[in-house]
Amino acid sequence: MKTLAKHREIWLALVIVVLVILVTLRFPRFSQPGNLLTIFNDTSILMMLALGQMTVILTRSIDLSMASNLALTGMIVAMTNAAFPGVPIPLLIAGCVVVGAGLGAFNGLLVWKLNIPPIVVTLGTLTIFRGMVFVISGGAWVNAAQMSPDFIALQRGAFLGLPILSWFAIVVAVLFFILMTRTPLGRALYAIGVNPTASVYTGINVGRTKFLAFTIAGAVSGLCGYLWISRYVIASVEVAGGYELTIIAACVIGGISIAGGIGTVAGALLGALFLGVINNALPVINISPFWQMAISGTAILLAVVLNARGERRQGRVILKRAEA
Amino acid sequence: MTDTPHRHLPDRLDNPLKSAILSWESLLVLVAVAIFIVNSFSSPYFLNAWSLSDLTFNFTEKALIALAMALLIISGEIDLSVAAIIALASTLMGFALQYGADTPVLVAIGIGTGIACGAFNGFLVTGLKLPSIVVTIGTMSLFRGISFIILGDQSFKGYPASFAWFGQGYVFWVISFELVLFAVAALVFYVLLHRTNFGRRVYAIGNNDVAAKFSGVRVERVKFILFCLTGLMSGMAAVLLTARLGSTRPSIAEGWELEAITMVVLGGVSILGGAGTIIGVVLAALIMGLVTFGLGLLNVPGIVMSIFIGALLIIVIALPILYRQLRSRR
């Protein structure tokens, strides 16, 4: 039981299960497999973004520009598709990942080479990327009629009974699991978060690792740019406005410490899923969607209070402050 | 959250005149003057008392928040919920209006809501020892969320004329009430930060809160007061903005937290805490007002202006670092 209490992912999973059961009591069809899969599919994009954000947060950084990056790459891919409908979709997706990674690398370079605090860099690029969407599109929308049928259909197709969008999330999650637990880069990300000074002495290039973390987060944002646009079939300046904080909220609820070094792939996925379940449950139990924001705010506060209890190790905190 | 950067310790201090000329604030003055001149050349409508007066409405409300936010950031904390506090305060004012509240009551509710929200943030950060960035991301959703619950897709309208004066009235000729209030607030915050023991404590906490604690500074209490102050200024901004717009929607002041923080950082306040001046913040507010107003006169859309603001933020911070790097490489 004591080891169980240590695993906040298990607790979060339990909370989600209880939530689903409570909703099911009032609305039995909520927990039908088909509906649960819909919730998973609806949450896929948030899950991937949360994994990208986690990579950055682990290194004691933060990326506020992910939603703007998503909107910008989304607009670029939508305009490309509208102008050249013949370009094969896999190529477009690869292009999205590259463009997104490039935007993320720009953040990363400023953090690495100029040592500007990540919150300042991404606060700036948050507005710059979003503004660029307006500049390249002239404020116009790209709508469903302008997109090629393949562009819209790809993620809606099914494979082994699951929508392709869900498969994207699953593959990305597996890749991140391998990255975090089986590669030197993954270990470096955690090491930097736990103790940057000590990681320098173990031969980790702190700046370069942060740069890679931002690039990875950017690549994920870019991929989600295509997925978001083809899912909601509209590309505009307002796409995913304010979503950067939802991504961070998913991470916080998933037990990823904003102080760095703590967090798991499962946590990020469950944090996103928690928000997804709430979003899907509200209309079902007849609560106005206007409640959504206040509920996720309360969830963030509760999560951070509970997480802080698990993380509080007074002796270490003082040492950490002293060496900083 | 971020690493403490390498602090540069000079062998001997520069003489006061030289350091004053090379200071961040004088760079900001230069930038402000340059933008002012560019503006006057690029638009014939710029150099006009009423134009310049309109210009001030661009930044006074945000700058009020930035003043308090500067102290908070110097102490090593941050408040991302300020815009949400405006939304909640404005919504509660509108709510009271429906029950016939008059102007003094409306103002009291606006400012009271601000202080209460700030105290709530302060309690979570200092009482429960939680990181302020996460707490205020949470309360940001919570405060604005409550506005959405109360208002949904509706809006409150019909504020009395005596209330509208706070956002639209002029004290003397082209000098608006908002500008006077901002000037007074800037003076108060200048004295508070640079001329009182409290101000010294804020710097001490930002530089090393453990050392500050051991020197007898009640770190938690100071931080709590700073959160309340930030709430108070957000409440004031809510009164001004609501009075100026004459209506309340739950999406009011969206994105202002980032603009207020941009002002603070642009003003030379270290995002890592421990350094910064009120004069810098006031100058940064003026620069942002000049940039957005000047671009507005040239019919540049708001979203494109935000590119300039974002680029300004990064460039202004990156340039001195680049300069230092190039000099040390030589």
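Even glycines carry a Cβ here, placed using N, Cα and C.
Now, the feature entries from TrEMBL:
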- B:21-43: transmembrane segment (TRANSMEM)
- B:63-93: transmembrane segment (TRANSMEM)
- B:105-124: transmembrane segment (TRANSMEM)
- B:130-151: transmembrane segment (TRANSMEM)
- B:171-193: transmembrane segment (TRANSMEM)
- B:224-243: transmembrane segment (TRANSMEM)
- B:264-291: transmembrane segment (TRANSMEM)
- B:303-323: transmembrane segment (TRANSMEM)
Taking the transmembrane segment (B:63-93) as reference, which of B:21-43, B:171-193, B:303-323 has the most Cβ pairs under 8 angstroms?
B:171-193
Might you confirm whether the transmembrane segment (B:105-124) is in contact with the transmembrane segment (B:130-151), defined here as three or more C-beta pairs under 8 A between residues 6 or more apart in sequence?
yes
Do the transmembrane segment (B:105-124) and the transmembrane segment (B:264-291) share at least 3 Cβ pairs closer than 8 Å, excluding pairs fewer than 6 residues apart in sequence?
no
Under an 8 Å Cβ to Cβ limit, what residues of the same chain, 6 or more beyond the ends of the transmembrane segment (B:224-243), are close to it?
60-62, 64-65, 67-69, 71-72, 75, 77, 79, 82-83, 85-87, 89-90, 93-94, 106-107, 110-119, 121-123, 125-127, 159, 163-168, 178, 181, 185, 198, 202, 252-253
Quickly jot the same-chain residues contacting the transmembrane segment (B:21-43) by Cβ under 8 Å, restricted to those at least six beyond its ends, or write none.
14, 266-268, 277, 279-280, 283-284, 286-287, 290-291, 293-294, 297-298, 316
What residues in the same chain, six or more past the boundaries of the transmembrane segment (B:171-193), come closer than 8 Å to it by Cβ-Cβ distance?
49-50, 52-53, 56-57, 60-61, 63-64, 67-68, 70-71, 74, 165, 199, 202, 233, 236, 240, 244, 277-279, 282
